[in-house]
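A.B. asks: Dumping the structure here so I can ask a few things about it.
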Amino acid sequence: MEWLYKFLFLLALSFLVFVFIFRLVVIKRAKAMRGKRVRFIEEGFLYFYSERCTACKAMKPQIEKLKEKVPVKEVDVFSPEGSLLARELGIMATPTTLYVKDGIIQKAFVGVVKCDRLLSESLEEGG
């Protein structure tokens, strides 16, 4: 029975390490998106989401508030165009929100982010 506890502990530890490393990779990829050109929005936000994503559902009210203030283009990563664009830009997780100015990605946000933070940090970065 002791071996079972050891096995479960190692399994849980391995899972936590995997999640931690995956999060680091996602953050690194998000930072690497800065400076990339996007062709279909000159200024505003690109919001990558999935209908099945729980965090995306939590993010939806923030996106609706954001839409009242600035242009937002929503991209479903499971649509044919959205999947292609997400792959092209290196989007690994949803929700991901990109701030674009002059057709260039200025900042990437991964996860649920409040509208006020999106606006304030984007203005700091891109002006």
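Don't overthink the numbers, they just go from 1 along the chain as shown.
Heads up, the Cβ atoms here are built off N, Cα and C, so glycines get one too.
TrEMBL annotations: computationally assigned, not manually curated.
If you look up TrEMBL, you'll see 6-27 marked as transmembrane segment. TrEMBL lists 46-119 with the feature domain 'Thioredoxin'.
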A.B. asks: Let me know the model's mean pLDDT on the domain 'Thioredoxin' (46-119).
C.D. replies: 94
A.B. asks: Please count the residues of the domain 'Thioredoxin' (46-119) that DSSP assigns to helix (H, G, I), strand (E, B) and coil.
C.D. replies: 29 helix, 22 strand, 23 coil
